[in-house]
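Pasting a structure here, questions to come.
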Ligand code: ADP
Ligand code: MG
């Protein structure tokens, strides 16, 4: 039995805006896997397996979070899931995918590539060195207003049904999956799809459309040479919606529907995680069916999957309460164990 890695914490640097505004830095990494939060009425220390502070490079996060081992487990046939959570603007997308390209002809610097691209590179390297029949394919989904949308299908994203079967568990019907053999091909594809999520009614700032949905990106199937289909590993990246939206009230119309849906799925996820954190003998029924998000994540959270969680936080005094709630959420997630 393999335990999932406890959450890793990433503290991003203060942004220009925060610095200009004169925000204080209230989060400090003490260097021994602990995060210290100190502000006027708060003084708390949290312990984790890995803490990355503002100076940590994308490469350091890849190597230090256990991501490389997770890629190897996926190749060995396990279902592996990485999920990034934290409030909007805390660095989830940056950690998973890196910064956006400055323009089509000026992609982001290779050193800034996120966990996803690094994992794909690692998968491709392994598939070459094993000179095997490893076939890689990717899919890209988004949950928006409790609809599962396929971001790889051409044209406007279409909603797909989420079904359950005895043999497969929860699965998305007619989900598009694309074979890939080079890093450029897969990176281009995903960046295109990513720009599609931001394209619809998108504006800069905390209401950016991409933060509204949860992107589930992409279960990468890794069949073993000559093995039975059940030995297909998967590697799934989940960019969760900003956790602060859970408390949003007073928003009207479409935005309130959106906030409610995000609310529902993040609460459902938190609920499943806290039930899973109970000792095995004391566990009751785990309500995966409460949201599309928890249904999609059921396998990785509960049963047979291996999960890597990255909690992203801002060091700014302005984000104090969200930071504390992210750290508490992460501490709870720490106790979940699975038997892949
Ligand atoms: P989220 O996806 O959680 O809403 P983003 O990943 O979009 O947050 O990050 C918000 C901003 O902070 C972006 O401008 C991003 O480039 C910047 N940022 C986040 N993490 C880092 C980091 N570790 N180093 C430098 N800039 C970062
Ligand atoms: Mg984001």
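Just so it is clear, glycine is given a Cβ too, placed from its N, Cα and C backbone atoms.
TrEMBL labels come from automatic prediction, so no person has curated them.
Here's the feature list from TrEMBL:
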DOMAIN    4-336  domain 'Kinesin motor'
BINDING   86, 87, 88, 89, 90, 91, 92, 93  ATP binding site
Using DSSP with the three-state reduction, classify residue 92 (ATP binding site) as helix, strand or coil.
helix
Out of 87, 88, 90, 91, which binding-site residues have CB atoms lying under 6 Å from ligand 1?
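88, 90, 91, by Cβ distance under 6 Å.
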Measure from each Cβ of the binding-site residues 86, 87, 88, 89, 90, 91 to the atoms of ligand 2 and list the residues where some distance is under 6 Å.
none
Return the count of C-beta atoms lying within 10 angstroms of the C-beta of residue 90 (ATP binding site), excluding that atom itself.
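Other Cβ atoms found within 10 Å: 27.
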When the number of other CB atoms within 10 A of each residue's CB is tallied over all shown chains, which of the binding-site residues 86, 89, 91 has the maximum?
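Result of the Cβ crowding comparison: 86.
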